[in-house]
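Down below is the structure, laid out as structure tokens.
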């Protein structure tokens, strides 16, 4: 008779423990043990929250190399069946070898759950004793749990689920996250002291009234926005460091539908557009995806959404200044090009229409599509196609935390028929789907890979572009980490080509995320280690850094509504010289639309108490020393980057904090 020391680790999270009977079986290359009831001197407390409990499991002879454990639990008469979060199982053999079986999931039923040894490779499937539970069988079970669903034609597919509780337990919110999210969602109007105003369908008659509402909840940056929102320099700065910093690109030639002339922008003849373009000083923001979109009707009033073109100039004092705005794509007599030299409210209204367009472009393309929906595709494909012992699973699973449930809630609470975005945004409803489809057709692999995107947009040398600077640094740090881990497991390109699981992962992403559009440049298969490293870096960056950059600033820059109106209820001026303050107030959204927008942005910007910053992995999936060392180095580099950003921000009038690693969540979790 030989004895094995078996230690089970219960997670240190709310309601992680169980009072049910727990059973285990060990499976090795030379045999398997009997199923054993794990009962010891700790009694019912053996599997409480945070517990580490050891037991002895015996077998007639040596089991050889351990490759699998089978765990199940049964309810007691006094205690009903409950959920148990098992972190991992460690087994020490009579020979002194230690085998680790990562779990990191909820066990909610009485079924037998099988977990592979942390260092297990594909060769174990060739062992005859595992024929009844091969990797193929494991993935078949996962395919049933993680099924694809078409939410709407023309946009990325999502997980099929009837509700948050129907999602697999391992991807659901924690108790803390659930409680906190529901409270924040239900109390947003009260917390902002806006309760009562959400039913007011009147327009604003005084800018001071907006001020009084806004003062109920301010942040330092939101306060700055309120003071400076009318300034051209601040308007230009937001294209670099605001909530939507990916649209701006260097202008190499004027679009044919934007007939700006030298005398318009340089009336004194001090320079020419051709010269400034040649010097690399002219930049363009084009909202063409919004052109002709059917707009919403709110409070019985037709809403307006333009598709502007904005021309900006880099000045000698390193500012980015708007020099021309055309609010519709097609040039026409009733579509004037607005200029900083125009009357005050003509120019201000033009900027307001741009900022409102930016809201829809940001929320639907930059934020929802390019982070939330793609992160869900990456996660579902991983959970369907890659077993837990696979290095890719271990590398990416921390970056899927809460993504599937937050996206289900977003579809239900924001973009459904009765969702707040559908009801209160100019682009809600039919227009929303039009924009999403157009945006997906324009997504390219280049635009998702941060350094490539910066180069393709020609913005390498724009001064004071902190989103670019911090993003490039985070991409480099993440790339080095991913490269180290991937190259530890894959020694040559042939090993990548022959790994059927990662090939199925990328194939599903291409099919269900990018709808098999080869023009996107998304790989359809992996042919080299280098290609795999770059793609995995992009996946991690998208779900962590990129999401933080386009999510966390929402209330800072949108809380003061005139800076980012979610809808506008008057058409833009068709000629100059007739707009005034009353025109502006009549154009801004109604009171209830304003406060609903504020409450939603407050919710989306609020950090959870169980926030996990980039690089932190509460659940240890890797067991080998080398990957664990890479993780430590990754964390150290992130800490150093955080110190650099804090030191820089102390010198800035408007600090850029959204890509500080301490503020970047590991996954799309809000």
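These residue numbers are counts, starting from 1, taken along the chain as shown.
Each Cβ is built from the backbone N, Cα and C atoms, and glycine gets one as well.
What TrEMBL lists as domain 'PLAT' is 2-121. The Ca(2+) binding site annotation in TrEMBL covers 17, 82. Taken from TrEMBL, the feature site 'Essential for stabilizing binding to COTL1' applies to 106. Annotated domain 'Lipoxygenase' per TrEMBL: 120-670, in sequence order. Residues or ranges marked as Fe cation binding site by TrEMBL: 367, 372, 547, 670.
Each residue contributes its Cα atom, and for residue 547 (Fe cation binding site) and residue 106 (site 'Essential for stabilizing binding to COTL1') these two points are 27 Å apart.
The number of other CB atoms found within 10 A of the CB of residue 670 (Fe cation binding site), across every protein chain shown, is 23. Cβ neighbours of residue 367 (Fe cation binding site) (same chain, under 8 Å, six or more residues apart in sequence): 547, 550, 551. Between the CA atoms of residue 106 (site 'Essential for stabilizing binding to COTL1') and residue 670 (Fe cation binding site) there is a gap of 21 Å, rounded to the nearest whole number. In sequence order, 18, 19, 20, 75, 108 make up the list of same-chain residues 6 or more apart from residue 82 (Ca(2+) binding site) whose Cβ falls under 8 Å from its Cβ. Cβ neighbour count for residue 17 (Ca(2+) binding site): 22 (other Cβ atoms within 10 Å of its Cβ, all protein chains included).
Same-chain neighbours of the Fe cation site beyond 367, 372, 547, 670, judged by a C-beta within 8 angstroms of the site's C-beta center, are, in sequence order, 368, 371, 375, 406, 550, 551, 604, 668. In the domain 'PLAT' (2-121), the DSSP tally of helix, strand and coil residues is 5 helix, 61 strand, 54 coil.
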